[in-house]
Amino acid sequence: MRYAHEVGDVRAAEGALMARLPEGTLMRRAAAGLARVCAGLLGRVYGADVVVLAGSGDNGGDALYAGARLARRGARVRAVAAGSRLHQEGLADLRAAGGRLIDLADAGAAVAAADLVIDGLTGIGGSGALREPHATLALAASGAGGIVVACDVPSGVDASSGQVEGAAVRADVTVTFGTLKPGLLIDPGASYCGVVELVDIGLGPYLDDPDVVSPAAEDVRPPVPGPESDKYRRGVVGILAGGEAFTGAAVLSVGGAVRGGAGMVRFASVRPAVELVRQRWPEAVTTVIEPGEKALDGIGRVQAWVAGPGLGTGEDAEGLLQAVLSTELPVLVDADGLTVLARRRDLLARDAPTLLTPHAGELARLLDADRGEIEARRLEFVRRAAAELDATVLLKGSTTVIAEPGRPVRVNPTGTSWLATAGTGDVLSGLTGALLAGGLSALDAATAGAYLHGLAARLAAGGASPDAGEAPIGAFDVITALPAAFRTLPW
Ligand SMILES: NC(=O)C1=CN([C@@H]2O[C@H](COP(=O)(O)OP(=O)(O)OC[C@H]3O[C@@H](n4cnc5c(N)ncnc54)[C@H](O)[C@@H]3O)[C@@H](O)[C@H]2O)[C@@H](O)CC1
Ligand SMILES: [K+]
């Protein structure tokens with residue numbers, strides 16, 4: 001698990017630690033770590049051409065001190081001041097080490113020619129869109145031919161939220177201090193970071209519980225069948241999906257559940273969807289729902305429900321969704337089910353776990369909010385959704401984030417842009433429903449589902465060999481790659 005803390009928590013921990021240490025200790029630790037990573041990236045420091053972009057705060061101070069360390073090892077280090085002030089001790093140290101300050105007018109050429117650029121424009125103190133000349137320097141750094149290393153946070157990325165309001169530095173590596181910041185894990189900010197390296201400066205004992213966590217493979221624990229298991233004990237998932245208009249969603253959702261480890265999949269829908277599912281997934285036990293039917297009698301026992309993919313949003317769909325949500329079972333609601341919930345939020349008043357899996361557009365309808373704002377501020381909106389809807393909420397998108405009231409937000413580390421294609425969400429619903437039926441909590445099922453789904457997509461797009469390059473994929477490819485994704489887990 002990787003842990004991230006918001007800026008307020010980082011500052012509080014730094015304050016508590018700094019009170020016990022001689023002045024400047026933390027900055028020296030940070031700068032030493034930053035210089036170490038830069039030296040490793042350069043390979044040969046002696047003779048390397050390094051440019052430091054320094055803002056007027058302590059982020060610039062870190063970068064200047066790191067530049068001084070590289071200058072002492074023989075690098076040619078030039079610094080550019082963004083703004084009228086600079087961290088004076090940092091600048092003095094750089095000068096003492098043989099580095100020098102160059103004019104802003106010469107910055108573009110220096111950045112373009114550098115082997116390595118250190119971005120120390122703004123760190124956790126940055127707020128809002130970068131002003132000038134920071135914005136122009138950030139764009140120059142982003143286009144640099146050499147390696148770009150961001151100090152603590154890529155400038156222009158909001159450390160706590162990942163929001164990017166204007167220009168921001170596109171880094172190859174981000175060296176962050178003490179703990180990760182949420183903005184390094186969540187898009188759009190995450191996509192500016194490159195590889196994130198954490199430098200320990202001793203904050204650990206002073207940090208509260210994390211605000212955001214990102215699971216690793218060992219944190220993903222799908223239920224494992226034992227010698228005692230039978231299909232019922234492994235978990236029976238009920239899937240209510242597909243309608244007269246859409247049948248593909250049902251096939252994909254059932255496929256996700258079959259490959260997601262369900263002991264049995266019980267599928268209920270109108271006749272055309274049932275016929276298609278039977279053809280493609282003979283493993284599923286199917287029940288035909290006649291038009292106008294609004295109860296789910298005679299379907300048999302299930303341990304969790306998935307409701308919504310391709311279901312339609314009319315009266316019949318609403319009645320069936322109501323029937324599912326009135327059970328005392330865990331229920332995952334997706335797609336059309338979410339559209340129905342947007343007008344029937346009363347259906348969410350239940351005691352059993354509810355897991356909602358919207359994309360930004362569906363969440364916009366549920367919260368009566370703007371889709372663009374949700375995409376820009378995913379962390380804020382997934383938390384708000386979990387609190388307002390009193391449910392576990394998995395917000396799909398470029399970074400999938402999962403929130404439950406009172407728990408740190410979980411950020412999914414897998415996935416690929418190739419996943420942004422029709423039908424992949426239906427696969428996720430079935431897969432996650434199978435994990436829910438297998439006994440995982442809503443939060444753990446959502447975490448494992450998102451992780452395996454993103455990994456399967458990467459494996460499908462990337463092919464068998466790591467050098468094979470990538471290719472577009474469809475939702476069925478994700479289902480096909482699920483066993484390979486499961487196999488990567490340490491179980
Ligand atoms: N507080 C500490 O104990 C430690 C802090 N460290 C470093 O200090 C940084 C935080 O330093 P500061 O609090 O001085 O803040 P920063 O240096 O991150 O940013 C503040 C400066 O950026 C300017 N600024 C803010 N938003 C801007 C915008 N949109 N456009 C242009 N300029 C903008 C402000 O006017 C101010 O000059 C951390 O990110 C980290 O790099 C590390 O040295 C570790 C220890
Ligand atoms: K920075």
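Each Cβ is built from the backbone N, Cα and C atoms, and glycine gets one as well.
Keep in mind that TrEMBL annotations are predicted by a computer and have not been checked by a curator.
The domain 'YjeF N-terminal' annotation in TrEMBL covers 10-209.
Classification of Ser127 ((6S)-NADPHX binding site) by DSSP places it in coil, neither helical nor stranded. What TrEMBL records for 58-62, 123-129, Asp152, Ala249, Gly310, His359, Asp426 is (6S)-NADPHX binding site.
In the three-state DSSP assignment, the secondary structure recorded for Asn59 (K(+) binding site) is helix. Other Cβ atoms within 10 Å of the Cβ of Asn59 (K(+) binding site), summed over all protein chains shown, number 26. Sequence annotations record features per position, and here TrEMBL assigns K(+) binding site to Asn59, Asp119, Ser155.
Mean pLDDT across the domain 'YjeF C-terminal' (214-489) comes to 95 in this model. Under the heading domain 'YjeF C-terminal', TrEMBL lists 214-489.
Following the DSSP three-state reduction, the secondary structure of Gly425 (AMP binding site) is helix. Per TrEMBL, the feature AMP binding site maps to Lys396, Gly397, Ser398, Thr399, Thr400, Gly425.
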*Which of these binding-site residues (Asp119, Ile124, His359, Gly397, Thr399) have a C-beta closer than 6 Å to some atom of ligand 1?*
Ile124
_Nearest-integer angstrom distance between the alpha carbons (Cα) of Ser398 (AMP binding site) and Ser127 ((6S)-NADPHX binding site)_ = 23
*If we count other C-beta atoms within 10 Å, could you say which of the binding-site residues Asp58, Asp119, Asp152 has the fewest?*
Asp58
_Candidates Asp58, Gly61, His359, namely the binding-site residues, that fall within 10 Å of Lys396 (AMP binding site) by Cα distance_ = His359
_Taking the Cα of Asn59 (K(+) binding site) as the centre, which of the binding-site residues listed as Ile124, Asp152, His359 lie within 10 Å of it?_
Ile124, Asp152
_Max CA-CA distance, Å, over listed AMP-binding residues Lys396, Gly397, Ser398, Thr399, Thr400, Gly425_ = 14
*Give the number of CB atoms, excluding that of Ser155 (K(+) binding site) itself, located within 10 Å of its CB.*
29
